[in-house]
Amino acid sequence: MAPLDLDKYVEIARQCKYLPENDLKRLCDYVCDLLLEESNVQPVSTPVTVCGDIHGQFYDLCELFRTGGQVPDTNYIFMGDFVDRGYYSLETFTYLLALKAKWPDRITLLRGNHESRQITQVYGFYDECQTKYGNANAWRYCTKVFDMLTVAALIDEQILCVHGGLSPDIKTLDQIRTIERNQEIPHKGAFCDLVWSDPEDVDTWAISPRGAGWLFGAKVTNEFVHINNLKLICRAHQLVHEGYKFMFDEKLVTVWSAPNYCYRCGNIASIMVFKDVNTREPKLFRAVPDSERVIPPRTTTPYFL
């Protein structure tokens, strides 16, 4: 079989187009092999730029790259939730996969709670694949990649990046390293908590209104940071109208990278640039104006007629 034409894949994806089904399968298989080599806590060196949820907002992802720099010029960590809710989950995920395939050391993709079979069947990605390809094969190839995505990244051994937050079952980074991640996200337990939990003004742990994960407070955050010699925890998972929000004496930051979320929230988005572990700079960006994006018709015409 001919080697993958990664340059072609990147070029197609950059135009907000999706790949022929067989090419997508090959790209997904290729990225799965790359992800197999990554640790549950993937080490990353500064300088690096950390990004939050994207949710299929392809044109805003392009704006993110205009704001932060293109791959491979900038080294990126994306903290999950690439798909669902936006119009272009398929094209967004394809673009990120193509970049990962071409420059694996310049882009780290973490798993969010939406990188799951169950959630994508409810919030849009499954239906989008069905509409655009006329079958569910593309969705199946992508969900295999979901299972392989790593859970956390560790910047210069001092900044932990994870989609959701902490777990009462996890005290040390080594406990994250031993999770069996190649599976659908479970309904409870450590793996589930890492992608579902939220920081909140609570004492230690509280029941989450999301029905998965926990609410965790300053005390457990400070303990976790202290035990693991961390400076900061970066996470996404929650809309922040100002784009980012520090909590718990600046031991934790939420980064949100989907501007005007769901095309109606009116929020600003951000990315967090780390020159080194002590030098961080949020970069803010707004949604691309409607005149610069293609709004799909209510019912997309199937690709193969």
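Every residue gets a Cβ built from N, Cα and C, even glycine.
Taken verbatim from Swiss-Prot:
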ACT_SITE  His114  active site, proton donor
BINDING   Asp53, His55, Asp81  Mn(2+) 1 binding site
BINDING   Asp81, Asn113, His163, His237  Mn(2+) 2 binding site
MOD_RES   Met1  N-acetylmethionine
Note = Neighbours of His114 (active site, proton donor) among recorded positions Met1, His55, Asp81 (C-alpha cutoff 10 angstroms), in sequence order, are His55, Asp81
Query = Where the residue listed as 'N-acetylmethionine' and Asp81 (Mn(2+) 1 binding site) are concerned, what is their Cα separation in Å, rounded?
reply = 33
Task = Express the distance between the Cα positions of His55 (Mn(2+) 1 binding site) and His163 (Mn(2+) 2 binding site) as a whole number of Å.
result = 13
Ask   = Applying the rule Cβ within 8 Å of the centroid of the Cβ atoms of Asp53, His55, Asp81, what extra residues of the same chain belong around the Mn(2+) 1 site?
value = Gly52, Ile54, Gly56, Gly80, Phe82, Val83, Asp84, Arg85, Gly112, His114, Ala236, Ser257, Ala258
Message = To the nearest Å, how far is the Cα of Asn113 (Mn(2+) 2 binding site) from the Cα of Asp81 (Mn(2+) 1 binding site)?
response = 7
Query = How many Å lie between the Cα of Asp81 (Mn(2+) 1 binding site) and the Cα of His237 (Mn(2+) 2 binding site)?
reply = 8
Ask   = Taking the Cβ of His237 (Mn(2+) 2 binding site) as reference, which residues of that chain separated by at least 6 in sequence fall under 8 Å from it?
value = Gly52, Asp53, Met79, Gly80, Asp81, Gly112, Asn113, His163, Gly164, Gly165, Val195, Trp196, Asp198, Thr254
Request  = Starting from the Cβ centroid of Asp81, Asn113, His163, His237, which together make up the recorded Mn(2+) 2 site, report each further residue of the same chain whose Cβ lies within 8 Å of that point, ordered by sequence.
outcome  = Asp53, Met79, Gly80, Gly112, His114, Gly164, Val195, Trp196, Ala236
